[in-house]
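Student: For reference, the structure I am asking about is given below.
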């Protein structure tokens, strides 16, 4: 809770709160432009500026992803999360001041900064959780990142109601309200230990590692667990942390990297998270009456929060990914022109995402890369996720205006392609050590030569 309340919760919260004040901010943009230039913007120009206000969050996330690896290596996982709140504080100041300053550019900069905050937390927090959890709870611990993302979405949608901070007078405070969970993190996270793997492998402090494990796990019998961490340290050979571009030239991690790239890209190209940016527009195009749209929007957040569950430790990663994306493809094809049937299909689409891809995607880099390659893998995965999020965020409003309730059809192909890739190329990782997972990937990376390597 201490890590996630100022971590992945911020990602979900900040993609959700931007939908409620859409009309108010668009009016503010138009009025500000008229005060400066003496003319009003055309409707398509307002849509374009608004799309950029929304999507610049993704560009900030990309910058945050690029910062996450170096921060995690230099300062550690916990301190990186704490330092990350600097971006959040600056964003909140800009948001609150934007209306008084008559500057929609300040909103754009604020969204860029809060995007950096989200980009860092989306990479560092799953790494922190995955490295701190025992093997049998590794997936469930990493899944909590997705749980807090979904909770952040739901919380942002509730706070964004017209009766709370979604009204015309309060939207600057709505955009700045993410500072509250950030303060909670600053007050609570310092009481918890750093990642045990980071303490032993990166800093070489065995005593601090043992102390952290005892505090986190509440037991003294750590022999087998320490042995696994020491084995990972031995495989690294004391090497420095790898840089992202170095992974592309290493044959030994070729299919691990392809898998992370494919799954991370599909997570955004499937269009699920873009729904939260433009939920009101989607439901209006589907025929839902304006007075009920904000409550239908809350339903989207409630669906993902409800669906994000602990099946990850029972059904395995592959089945949840394949099943989730296949179900999403089915719901994308069955969207109908009837308003409430269309709304039901959208809810089912989000439920399917929450059941599989939402929880599994974040844990994969922790499970399939060793300590020296893990930060670089998270940087690559996060960068692809945010680039694709930006592209979908820019295109989505135009898909809604052109295709209406059929706007999910283009995402069906993405879901099917990702499910096929996972079925053919991604080994199961549930309950396996890093050595066992690496052995499975060696069959793909080296083909027949892996047998010779084993014999050697």
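Cβ atoms here come from the backbone N, Cα and C positions, even for glycine.
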Student: In TrEMBL, which of 408-426, 427-445 is labelled transmembrane segment?
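Tutor: Per TrEMBL, the stretch marked transmembrane segment is 408-426.
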Student: TrEMBL tags one of 83-103, 104-124, 209-229 as transmembrane segment - which one?
Tutor: 104-124
Student: From 26-47, 48-69, 246-267, which range did TrEMBL mark with transmembrane segment?
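Tutor: Per TrEMBL, the stretch marked transmembrane segment is 48-69.
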Student: Of the stretches 104-124, 376-396, 408-426, which racks up the most C-beta pairs under 8 Å with the transmembrane segment (170-192)?
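Tutor: It is 104-124 that shares the most Cβ pairs under 8 Å with the transmembrane segment (170-192).
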Student: Can you tell me which of 48-69, 346-364, 376-396 gets the most C-beta pairs within less than 8 Å of the transmembrane segment (104-124)?
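Tutor: Ranked by Cβ pairs under 8 Å, first place goes to 48-69.
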